[in-house]
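Engineer: Provided herewith is a single structure, encoded as structure tokens, for subsequent inquiry.
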Amino acid sequence: MGSVAQIYNFSAGPAVLPAAVVRQVQSELVSYKNSGMSIMEISHRSSLYTEMEAEAERNLRELMRIPDEYDILFLQGGGTLQFTMAPLNFAQKTKQIGFIDSGHWAQRAIEEARLVPGVKAKVVASAKTTNYTSLPKDPVLQKTYDYIHLTLNNTIEGTMYRTLPDLKNQVVVGDMSSNIMAQRYNVKDFDLIYAGAQKNIGPAGLTVVIVKHSLLHTTPELPSMLSYAKQAAKHSALNTPPVFAIYVASLVFKWLLQQGGVDEMQKRNEKKAQLLYDYLDSSSLFSAPVKKAARSTTNVPFVTGNAELDQRFVVAAQENGLVNLKGHRLVGGMRASLYNAMPLEGVQKLVEFMESFEQNIGGNK
Ligand SMILES: *Cc1c(COP(=O)(O)O)cnc(C)c1O
């Protein structure tokens, strides 16, 4: 086998996985645990599966310090299906949900909630006036909502909550799709947490859901696949679970524990992000639009201010092994995603390349 040229993948998702995990998948793909079958071929009722799944849950519980009063679910449908499942299950009493409008994914959650019959989605705070380059001001909550929806990291705009806004004892639903286990949050501050796996956990096709057990008793009769209570009762195996995706996630969880866990990841992510932001703030070609206090450690948007130059940069970076730096189509420019599996060397290489690009351009913004 020839060696593969080193590339650094800055994609926002599906995103880079730890190289050691990909190699382990390769090495045990043909015969999982000497079963003579690949993980993709084993039964989800076999002990090979149930042991793997139980270990994945245990490790995730340890990594995020998830108390016993929370259930862990491994579902499908991505973060987007949670935009529907959360209101179906938990918008029951007042049928009103308070949304913190921190950017595109919060807005998608609002749109989907409004498609659920009878549900009213109210924006209780918004960062629209700063064009989402900062986080919304803390909401003034005068009444009780069935829950408040919060997006912890705004993948497209590049803003992130370091501490939570004051939500006055309301039920809190947190979308952690793009910084789960990249940043330490206190699980007890939430009643429901969810994350599509393909950004910071594993392959697409798996959604991790963490839900307070006591809330499940209040859920209405729903189609089984859409009911947290029924999914929890069947231990996420109400139907055939995404076995391969859960398996890769289980390897990522083990890798994270070996690396020192979430606190160590947060430290590394701060260091990686700081390196890039420091350069962006000192550059006379590139700049970061997000206000300092709100800057994400996992998704870093940046621009030259000239769309044609942005395009040239993305192509030149690609030719140098720095791939998937094109910004989201909604905001343009560039975006570097620095998830847990992105090594510091990747960010060092990126900054070196940006410096040489800037020199060649002559530093004219
Ligand atoms: C990517 C993303 C989503 C959508 O995830 P899918 O798994 O593609 O449905 C939702 N919320 C946030 C914050 C995201 O980054």
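From the backbone N, Cα and C atoms, a Cβ is placed for every residue, glycine too.
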Engineer: According to TrEMBL, GLY79, THR80, TRP105, THR155, ASP175, ASN239, THR240 bind pyridoxal 5'-phosphate; identify which of GLN26, GLN198, GLN266, GLN274 is listed for that same site.
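Structural biologist: TrEMBL lists GLY79, THR80, TRP105, THR155, ASP175, ASN239, THR240 binding pyridoxal 5'-phosphate, and from GLN26, GLN198, GLN266, GLN274 it also lists GLN198.
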Engineer: If you draw a 10 Å sphere on the Cβ of LYS199 (N6-(pyridoxal phosphate)lysine), how many other Cβ atoms land inside?
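Structural biologist: Taking all protein chains shown, LYS199 (N6-(pyridoxal phosphate)lysine) has 28 Cβ neighbours within 10 Å.
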Engineer: On the Cα atoms of GLY79, THR80, TRP105, THR155, ASP175, GLN198, ASN239, THR240, which are listed as binding pyridoxal 5'-phosphate, what is the maximum pairwise distance in Å?
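Structural biologist: Of all Cα pairs among the recorded pyridoxal 5'-phosphate binders, the widest measures 31 Å.
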Engineer: Using Cα coordinates, what distance in whole Å links THR80 (pyridoxal 5'-phosphate binding site) and LYS199 (N6-(pyridoxal phosphate)lysine)?
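Structural biologist: Cα-Cα, rounded: 14 Å.
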Engineer: Measure from the Cβ of THR155 (pyridoxal 5'-phosphate binding site) and count the other Cβ atoms within 10 Å, all protein chains considered.
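Structural biologist: Counting Cβ neighbours of THR155 (pyridoxal 5'-phosphate binding site) within 10 Å gives 26.
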Engineer: With the cut-off set at 10 Å between Cβ atoms, which of these binding-site residues ends up with the most neighbours? Options: THR80, GLN198, ASN239, THR240.
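Structural biologist: The most densely surrounded of these binding-site residues is GLN198.
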